[in-house]
């Protein structure tokens, strides 16, 4: 007999044969989580207390820090609970809520990265108009649009799964809930959910990635018009931190998508590692990248130390 899991739970994935190593894996994840929280909180504190950093680029950096904090906090404590206390079950409602936060926050982060690319384009290609175009008020509006865009596109994902019956295996592929992972466990027609999920990702992350690439093509054209290589390197070096953050976000995202689409025969370890990389790595390295590449933040951190 089929059983409707809408009032039951799913089972989080563990690594077969490595159950005894969960304690040490949790120590590693907890250390990365503490590093992510500390780094992003330091960035928020420095930008808030340093008047010279009250500019659009640093406001966007604060948005990234808040998103990374929210994304890691919505997943890592539950993973640690699983690894340390063996609480493998997660209720259907909690799974849908976690899924909503993961996908929505990822969409918001993608939009903020696009806004940062536009900020770099305007600063390099139209420097005299930069202050007039990207004002503090415009930055706030961009943040609100990013939030509304993420919620609008990804709120339907858990709603489309809500009426589906689940009568197959309850075992997930990750230690947290993702849309496609949960959808694959349904024993009903999932075509509408699958089509909408793919469409939402293409219209948000896919479109943002194309526009970010277009922004940097225009930036490269403007940089190559400069007279000397020294000037070109000096101008383009202002984009290195943003390019690194973009790669830190999109490479794990693409890797996780590829594993889901084509890696059904891969070992469970690959799925779990890719999922944890996607959740934690950007949150850990984003503040490090900007701390190293931004002299103002670097100087303030040294003063704090």
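Numbers run from 1 along the shown chain.
Cβ atoms are placed via backbone N, Cα and C, with glycine included.
Sequence annotations record features per position, and here TrEMBL assigns domain 'G-protein coupled receptors family 1 profile' to 39-290.
According to TrEMBL, the feature transmembrane segment maps to 23-46 (among others).
Annotation comment: TrEMBL describes 58-84 (among others) as transmembrane segment. If one looks beyond the transmembrane segment (58-84) by at least 6 residues along the same chain, the residues whose Cβ comes under 8 Å of a Cβ in the stretch are 12, 14, 22-23, 25-26, 29-30, 33, 36-37, 40-41, 43-44, 47-48, 90, 98, 101-102, 105-106, 108-109, 112-113, 115-116, 119, 136, 139-140, 142-143, 146, 175-176, 245, 276, 279-280, 282-283, 286-287, 290.
Within its own chain, the transmembrane segment (90-118) is flanked in space by residues 5-12, 57, 60-61, 63-64, 67-68, 70-71, 74-75, 78, 134, 139, 142-143, 145-147, 149-151, 153-155, 157-158, 161-162, 176-179, 182, 200, 204-205, 208-209, 211-212, 215-216, 242, 245-246, 249, 253, 279, 282, which lie at least six positions past its ends and keep a Cβ under 8 Å from the stretch. The transmembrane segment annotation in TrEMBL covers 90-118 (among others).
Within its own chain, the transmembrane segment (130-155) has Cβ neighbours under 8 Å at 54, 56, 59-60, 63, 100, 103-108, 111-112, 115, 118-119, 122-123, 200, 203-204, counting only residues six or more beyond its boundaries. Taken from TrEMBL, the feature transmembrane segment covers 130-155 (among others).
Annotation source TrEMBL lists transmembrane segment at 194-219 (among others).
The transmembrane segment annotation in TrEMBL covers 240-263 (among others).
Sequence-distant contacts of the transmembrane segment (269-292), counting only residues of its own chain at least 6 positions beyond either end whose CB sits under 8 Å from a CB of the stretch, comprise 13, 15, 18, 29, 32-33, 35-36, 39-40, 42-43, 61, 64-65, 68-69, 71-72, 75-76, 79, 102, 109, 173-176, 178, 241, 244-245, 248-249, 252-253, 255-256, 259, 263, 298, 301. Per TrEMBL, transmembrane segment is recorded for 269-292 (among others).
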Long-range neighbours of the transmembrane segment (194-219), counting only residues six or more past its ends (CB under 8 A):
103, 106-107, 110-111, 113-114, 117-118, 120-121, 124-125, 149-150, 153-154, 156-157, 160, 179-180, 183, 236, 239, 243, 246, 250, 253, 257
Give me the mean pLDDT over the domain 'G-protein coupled receptors family 1 profile' (39-290), rounded to a whole number.
90
